[in-house]
Amino acid sequence: MPGKLRSDAGLESDTAMKKGETLRKQTEEKEKKEKPKSDKTEEIAEEEETVFPKAKQVKKKAEPSEVDMNSPKSKKAKKKEEPSQNDISPKTKSLRKKKEPIEKKVVSSKTKKVTKNEEPSEEEIDAPKPKKMKKEKEMNGETREKSPKLKNGFPHPEPDCNPSEAASEESNSEIEQEIPVEQKEGAFSNFPISEETIKLLKGRGVTFLFPIQAKTFHHVYSGKDLIAQARTGTGKTFSFAIPLIEKLHGELQDRKRGRAPQVLVLAPTRELANQVSKDFSDITKKLSVACFYGGTPYGGQFERMRNGIDILVGTPGRIKDHIQNGKLDLTKLKHVVLDEVDQMLDMGFADQVEEILSVAYKKDSEDNPQTLLFSATCPHWVFNVAKKYMKSTYEQVDLIGKKTQKTAITVEHLAIKCHWTQRAAVIGDVIRVYSGHQGRTIIFCETKKEAQELSQNSAIKQDAQSLHGDIPQKQREITLKGFRNGSFGVLVATNVAARGLDIPEVDLVIQSSPPKDVESYIHRSGRTGRAGRTGVCICFYQHKEEYQLVQVEQKAGIKFKRIGVPSATEIIKASSKDAIRLLDSVPPTAISHFKQSAEKLIEEKGAVEALAAALAHISGATSVDQRSLINSNVGFVTMILQCSIEMPNISYAWKELKEQLGEEIDSKVKGMVFLKGKLGVCFDVPTASVTEIQEKWHDSRRWQLSVATEQPELEGPREGYGGFRGQREGSRGFRGQRDGNRRFRGQREGSRGPRGQRSGGGNKSNRSQNKGQKRSFSKAFGQ
């Protein structure tokens, strides 16, 4: 009986194994039969996997491994997961048939062709292909929700808003990113400025506050004392004008007749006072603004005081006169502004300013008016003097600070070495090249006489007028208005036009000589390059003024680019451009009257020759003097002798010149100086000798000779009048003599020796010595 049971159990197990093998074989056969049909579906799945990379990872986790497939348990699972076609109910089959078209829609017609003929490439598989997907059943029975759109290869949820709103938001964000930081900080919305004032500011072209205006607004508006320093042309006037006007607008005012001013603004010049007054008037229609300065009748000013004044702008002299006459009451002052404070507190105005302010100020009183000091230059002594007018808790805003460059960063600084006898003619050429007939130029002179003479010099081809203290005030105002309006292009002025004047579109500023103090240079150069525009400032200097130029460089934190006078080529090129622009301004009605003459001229000379002659005559460049690029002397041409190695001394160049051109070249070469790095020299020769020199000279591997078209870069500025020199004029240091021998100063003949020693007499030596070291020392240090 037990044996029978064992045999029965063994038979049952054998039967079960046979059934399992039979079932496995049937399943494999069915898979082989279904494989061709499922190829296409698998390709669809692969296509979907490229679209949904995350789903592919889920599939891999869901599919069993080969090891699991071989185990009995896995076989049962597989059997359940993949029932045969016979086991599928008719209802399930019908559902599958309905969902098959949805799966087919996923694949584009182009993809279908690829899957039928060949397998897709790696690029096609890897490339993201965003598609709108509905819920669909995959081969493993999993369902997938509608897929979000892909953006840059990654899922990206659809926005709640419509596409036009999204695009507008993106464009707005881009615009915000493009707005400079200065405009964001200076936006009107950041400050308590009324809509009426904003409208008036926009009428002046102001759409946001400049940095100095933004950083000082709240200090001024809150009533704090302030010292502010910023570069020229950055909008310092509106820095105090806007907040003061808003403050007065917000206060209840008794606008009765004869009221005393609440704001006093003192300026050093009449022109600046007039300009500041206009700036106030342009941005307020409710307040009464008056401007008092010398050279104008008293009657009109008395009438303004009788009617009542809210804001008074003026120069110290006329304000002081009204106080002494008992006509002007300053006891009600709440705000005092000193514009260009360094000049207002200097020796020329200090006594007058103190007398004016003593009326409204009490010593060590917290009830004194609010004091506002503005300038582009604030030396240390200004702070010491200003403290007696300011409260102990004053604010300081400095947009220059410890920065090296004190001048406007939009101005290019150039320097031309020129003897005073040639200066007027060279200035005329400089205006042609750097400004032209259509541009505006301001020339600053040290004296009234020089300004008057230069404005009438025939070398300046453009219309020019002068502006200085000897001109009646009425004429000064007419002249300044004409220059602003473009009635003439060149203004020759003394320092009356140096400070504060905001003249639009000044292309060029010329200083006839280095100023005595660096503050004057900073303010003069600041007449160009204003409000973001670029400009050029050219300073003329003589050999004896080179030390002053170096001092300006060091104190103003700038570096002059030493240039030569404009060459004939540059002058003609600039003049022709001006002439062409002038042709555009000729009306068609005038042209018709000259057509017959033009046709006749073309027949005689040809079109090009006739037009070239006409342009030359229009430009005034019928004859252009050739000038030295080194010292501006007329009748000379500058030549460059380049050397392939660094020259030990200047006699090295003399030796080569004499070998090729003969000893007579000694009398023709003038003012030889080293090029940068001592890789050659440049010198002047008479214009008549240029052709002869070029014919005799032959370039070699070491030496090349050419005519200079612009001033080459020379071997460093000679600071303090010392160092090695290659010019006949000079100071202490070595000299490059004309005979080609290097000697110490004090030797004109004989062997090389110590300073002051000569083989040929002592008196001349002593005189030479005195002209050397002692003389240059006194020049350098003002002794």
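Each residue, glycine too, has its Cβ placed from N, Cα and C.
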Problem set entry | motif 'DEAD box' range according to Swiss-Prot, out of 267-270, 331-334, 339-342 | 339-342
Exercise. Out of Thr296, Thr315, which residue gets the phosphothreonine annotation in Swiss-Prot?
Worked result: Thr296
Exercise. Which candidate in Ser94, Ser121, Ser731 appears in Swiss-Prot with the annotation phosphoserine?
Worked result: Ser121
Exercise. Swiss-Prot annotation N6-acetyllysine: which of Lys327, Lys461, Lys779 has it?
Worked result: Lys779
Problem set entry | Among Ser13, Ser392, Ser706, residue that the record in Swiss-Prot marks as phosphoserine | Ser13
Seminar exercise, completed: Going by C-beta under 8 A and a gap of 6 or more residues, the same-chain neighbours of Ser567 (phosphoserine) are Arg627, Leu629, Thr709, Glu710
Problem set entry | Composition by DSSP (helix, strand, coil) of residues within the motif 'DEAD box' (339-342) | 2 helix, 1 strand, 1 coil
